[in-house]
Structures are given as C-alpha cells and as structure tokens.
Amino acid sequence: GNCKCDDEGPNVRTAPLTGYVDLGYCNEGWEKCASYYSPIAECCRKK
C-alpha cells in the first residue's frame, strides 16, 4: 500500500516521500517507506 514519510522517522533520506510500504528493517512500531522513483529514497514512519 501507499505510504507517506515525514521528518519524524529514522533513516530519512528524502522527506516527505510518497511511495509504498516496504517490509524492510525499521524499529518496532514503525514501517518502512520506499520511493517509487528512487531506490535510495526511503524512510521509516510510525504505524
């Protein structure tokens, strides 16, 4: 599903970021967002 990142999350490289939920490594209670357009643009956001 889609997700939008913001500056509050750890590992923010590009924010705000619109992309998809990636089952990557984020802290418990967070989910990873990955950009549709850039493989290096990702961040974690609170669930």
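Here the Cβ of each residue, glycine as well, is placed from N, Cα and C on the backbone.
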Item to complete: Tell me, from Cys26, Cys33, which cysteine Swiss-Prot puts in a disulphide with Cys44.
Response: Cys26
Response to the item:
The sparsest Cβ environment within 10 Å, among the disulfide-bonded residues Cys26, Cys33, Cys43, is found at Cys26
Worksheet item: Between the disulfide-bonded residues Cys3, Cys5, Cys44, where is the Cβ count within 10 Å the lowest?
Response: Cys3
Worksheet, complete the sentence: Cys5 (disulfide bond) and Cys43 (disulfide bond), compared by Cα position, are separated in whole Å by 6
